[in-house]
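Each remark here refers to the structure printed beneath this line.
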């Protein structure tokens, strides 16, 4: 090293120490005691120096932070919460300057198929059928808009109704039909709910079809939906990026390249397209403090490493039975509508560090990156003088996401000095918000805590950073840690539950607490009924959907407490399909979601051919009992299933039909109802005593 370079480095070090000392002397006493520790004044503690400057121009436009409702049925239990608790949960998710304050809501376009934790109903079960009031995503989008009129809405299909594929499990044989199906959903959102959909996707984590994307773009334009932008392909960066580079028409059709779980990195071909790059699904991690650490790390590093301008969490709110796949992988937890209990989890407040202090349309500074001793920092501006800096020092152990695997890295305590240049040189004060994760015993008081404002001296800000911390330094003064009264205590699903489905004008198409796993179960009115079954719950699919997961060959909806062992289930049932039809009630059902096909339990079937079966599985491979039952289609029957310890019996119209000993079957599980195949079947007067 030349003598000149040695003296230059020494001079730079002395200058940094002088600036650090000056900042210390000028800081307020209370803030100094919080931010600066005794270690700061040690002469042997190195300080890292970072410049934040808009003089070189600004980087990419920030598109916002969001959450996914769907993929699938992840908000299923939320709609059943009574007020005011349901509105409180929605406030924590969407209300500006309150909680997560999300900028984006992405919903599943229901396609009647199992898409992780359940099925969501399509607006077109059959060809020629249209109903834009099924499910709860319409309601959720309206509630989000009610709180934040500027929130962006995205629709994405996971599965499709079977008629789209004409018997094939493939949506692209007739791309014009599929495009019309999707465009109809967008038009229905506007016509029936006054919702403007901002972005539309292709097919979640499945193949894309170039011809379909082009037809979709043309059809959107023909329907005066030019403003609706297309995201592709909601899977990986490749091959969609290469396809776009090789096809100018495709390049023009796609507005955003969306990748799932990119591990904070992108690829050169995606960058070459000059399109917006999004992590259009990410996180999927248990929502404790480690999940919060995962979220904090990727919210920053998706941009620092991968130039991604939006990150969207799967899922929005863990509002599904916790034993289903990926339990509690939401930004918050609301899985007990019967008790009204919910939990505002760590990721809500980690979200707030970004969402409350930067809005879509702001731009990232080019001068962002990694901290010298681990962690990262980003800075955004509205171009009008406002500045927000988000700093994270997440350690490897406290920031692992469920996927992809996280290479090992080290983070250590460090002192950082930020030099504010360009437009920001004249700033004199920054608001400070702080979170500390990984502390044992972990305590909510270290989440999104407002600290005294930080005075800027000579254009510099100095912080001593510990491990697993998040800081937001900002000119924005509207930040708030919103709160509602403590919700009721947690308690199990009621051990005595009944539903007679007597709802003439239901607010939602599905009955409370039933979670459809294959098939779709909807409220139904028998207009000509004279048997006392005017209002029922009906399984309505007659054709297997274009699947996303492994739907069972039988339809099934689960309900209750997975811990239930001894139980009595009674239900009136009605088979609609002669000869080949069938219907069941079940207990101790041990699996759901994308594993529903292999569910075990105690299943009591009656079949339209005049027989009954008792099976230990949904697939009817393990037959425990069977025989004649003198039953037929088009007639109501009352089924009773009693399970006690290792024995069970079943009743038909209050007379014992069978008794059996149970061997090598699940010891606990949900209650369930369902049909022999994709066929119409009705249920009434459902009752559980557990």
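Here the Cβ of each residue, glycine as well, is placed from N, Cα and C on the backbone.
Curation plays no part in TrEMBL annotations; they are all automatic predictions.
Quick caveat, the model's predicted, so the values are computed rather than measured.
Positions annotated as signal peptide by TrEMBL: 1-30.
Around residue 281 (active site, nucleophile), a 10 Å sphere centred on its CB holds 25 further CB atoms from the protein chains shown. The active site, nucleophile annotation in TrEMBL covers 281.
TrEMBL lists 478-499 with the feature region 'Disordered'. With a cut-off of 8 Å between Cβ atoms, the residues of this chain six or more beyond the region 'Disordered' (478-499) that come close are 84-85, 88, 91-92, 95, 97-99, 336, 338-342, 349, 352, 356-357, 431, 433, 448-450, 472, 511-513, 537, 559-561, 563, 685-690.
For 516-689, the entry in TrEMBL reads domain 'Glycosyl hydrolase family 59 C-terminal lectin'.
Per DSSP, the region 'Disordered' (478-499) is made up of 0 helix, 4 strand, 18 coil.
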